[in-house]
């Protein structure tokens, strides 16, 4: 375990799954989970970390099932994008209530609701200590919020994409189904592909690999895990170009 008192990263892109925001509710947003995440983000801001956030929309809407039932995929994806805006509004409000300056930017114009995404302005806001929430994915159908997280992370020149999930890292198998599944502390991009490990969709993962963007998978439901990741402590699974031996 590292005893480094200084943060390992200075600018991050935090990807939160929409499903994890449900907490025990089963649907929608659990206010307790939302407020806890806002407090954890506040801790990072107080450490001087520049934080960009992308939130999924699976707690409110999933277009895949409706697409299989006959709905046009583009329509379903547009609905999914709007679900991420709803989550973004909730997170911005939670941050404001925690006395954290935050700005919500959408990849699709929503005048009067949030700002349009602007790369240069986003970086300026991050440098000034504001949290920037990126909503509506990439603005294009057929692109996941994982792709949006990697894209925004690359654009804002983040040092790492932190992917918050419901498990505490990457395992050799599904730990929920296989108690013998082994957790990896660190992997290379090539090992992920060779072992066919599920981290994120291939388009998002390839984008991160091609731009040498590290990905760190951790359990967003574990209190204090986010801070531990930032401080370089043993938490989650780090994926990067080459393992350090």
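Every residue, even glycine, has its Cβ placed from backbone N, Cα and C.
Listed features, source Swiss-Prot:
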BINDING   15, 16, 17, 18, 58, 62, 165, 171, 174  ATP binding site
BINDING   57, 77, 138, 139, 140, 141, 142, 143, 144, 145  UMP binding site
REGION    23-28  region 'Involved in allosteric activation by GTP'
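Considering only the binding-site residues 138, 140, 142, 144, the residue whose Cα is spatially closest to the Cα of residue 58 (ATP binding site) is 144. According to DSSP, residue 57 (UMP binding site) sits in a coil region rather than a helix or strand.
The maximal spread of the ATP binding site, taken as the longest Cα to Cα distance among 15, 16, 17, 18, 58, 62, 165, 171, 174, is 25 Å. When the Cα atoms are compared, residue 138 (UMP binding site) and residue 15 (ATP binding site) turn out to be 14 Å apart.
The region 'Involved in allosteric activation by GTP' (23-28): residue composition by secondary structure is 0 helix, 0 strand, 6 coil, according to DSSP. Listed in chain order, the residues near the UMP site other than 57, 77, 138, 139, 140, 141, 142, 143, 144, 145 are 80, 81, 137, 147, 148, each with its Cβ within 8 Å of the site Cβ centroid. Cβ neighbour count for residue 57 (UMP binding site) (all protein chains, 10 Å cutoff from its Cβ): 26. Each residue contributes its Cα atom, and for residue 17 (ATP binding site) and residue 142 (UMP binding site) these two points are 18 Å apart. Counting only the Cα atoms, the space from residue 15 (ATP binding site) to residue 57 (UMP binding site) is about 11 angstrom. Mapped onto three states, the DSSP output places residue 144 (UMP binding site) in coil. Sequence-distant contacts (6 or more apart, same chain, Cβ under 8 Å) of residue 144 (UMP binding site) comprise 137, 200, 201, 203, 204. Along the region 'Involved in allosteric activation by GTP' (23-28), the predicted structure has mean pLDDT 85. A gap of 23 Å separates the Cα atoms of residue 140 (UMP binding site) and residue 165 (ATP binding site). Cβ neighbour count for residue 17 (ATP binding site): 20 (other Cβ atoms within 10 Å of its Cβ, all protein chains included).
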